[in-house]
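So that you can see what the record holds, here are the features copied from Swiss-Prot:
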- Ser7, Ser8, His9, Gly10, Tyr11, Lys12, Thr71, Phe154, Gly155, Tyr156, Asp157, Lys177, His182, Arg183: substrate binding site (BINDING)
- Asp70: Mg(2+) binding site (BINDING)
- Asp70: active site, proton acceptor (ACT_SITE)
Amino acid sequence: MKIVIASSHGYKIRETKTFLKRLGDFDIFSLSDFPDYKLPQEQEDSITANALTKGIHAANHLGCWVIADDTMLRVPALNGLPGPLSANFAGVGAYDKDHRKKLLDLMSSLESLVDRSAYFECCVVLVSPNQEIFKTYGICEGYISHQEKGSSGFGYDPIFVKYDYKQTFAELSEDVKNQVSHRAKALQKLAPHLQSLFEKHLLTRD
């Protein structure tokens, strides 16, 4: 069964591929395999809308099942920022380090700040060319560190520490992060749908 990961981001592709391979013998592709196809710009005000926009668009144009996702980081002390703006927090086209710097600067300006709690929320969608849609969510709670640590991962990973851990996401190995992250939790909830689809595919093929 062919399935496309609607991303060109190496880390996301590896994480999702590893997950899919545990469920069945899927024919797995990513947007890197379709250089002429471009996802629409993320312009919605929710991760659900962004994930659906990407998933539906890719499924329609590529003619196969697609997995798409969108993630945001929320910091309660900053009234939920960066929120849906997470990917463009420091401006469209800014680097990950710019987004992290803006967040740390905002937090340092709150002199009486005690609560550094934060959480990632991820929406993952599985979409068919016929507009069949499965949707799941995953949340990972933790806090924002005072400075960047680690060189792995991407985005806000160098400043996010999961509760019960002493290392930032950027200091964890990919294997560990892929077991506890927000995306991992959302993908795990998608597993029954994927397994059912794979079994139906085998029956149809036989």
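Cβ atoms here come from the backbone N, Cα and C positions, even for glycine.
What you are looking at is a predicted structure, and each value in this text was computed from that prediction instead of being measured.
Rounded to the nearest whole angstrom, the C-alpha distance between Tyr11 (substrate binding site) and Asp70 (Mg(2+) binding site) is 14. Taking Cβ-Cβ distances under 8 Å and a sequence separation of 6 or more, the neighbours of Thr71 (substrate binding site) in its chain are Ile47, Ser86, Phe120, Glu121, Cys122, Cys123, Gly155, His182, Arg183. Taken residue by residue with DSSP, Ser7 (substrate binding site) is part of neither helix nor strand, so it is coil. In the three-state DSSP scheme, Asp157 (substrate binding site) falls into the helix class. Among the residues Ser7, Ser8, His9, Gly10, Tyr11, Lys12, Thr71, Phe154, Gly155, Tyr156, Asp157, Lys177, His182, Arg183 said to bind substrate, no two Cα atoms are farther apart than 19 Å. Looking at His9 (substrate binding site) and the residue listed as 'Mg(2+) binding site', their Cα atoms lie 12 Å from each other. Counting other Cβ atoms within 10 Å of each Cβ, the binding-site residues His9, His182 show the lowest value at His9. Taking the C-alpha positions, the distance from Asp157 (substrate binding site) to Asp70 (Mg(2+) binding site) comes to 15 Å. In sequence order, Glu42, Ile47, Thr48, Asn50, Ala51, Lys54, Cys122, Cys123 constitute the residues six or more apart from Asp70 (Mg(2+) binding site) in its chain with CB-CB distances below 8 Å.
In this view, Tyr11 (substrate binding site) is surrounded by 17 other Cβ atoms within 10 Å of its Cβ, with every protein chain counted.
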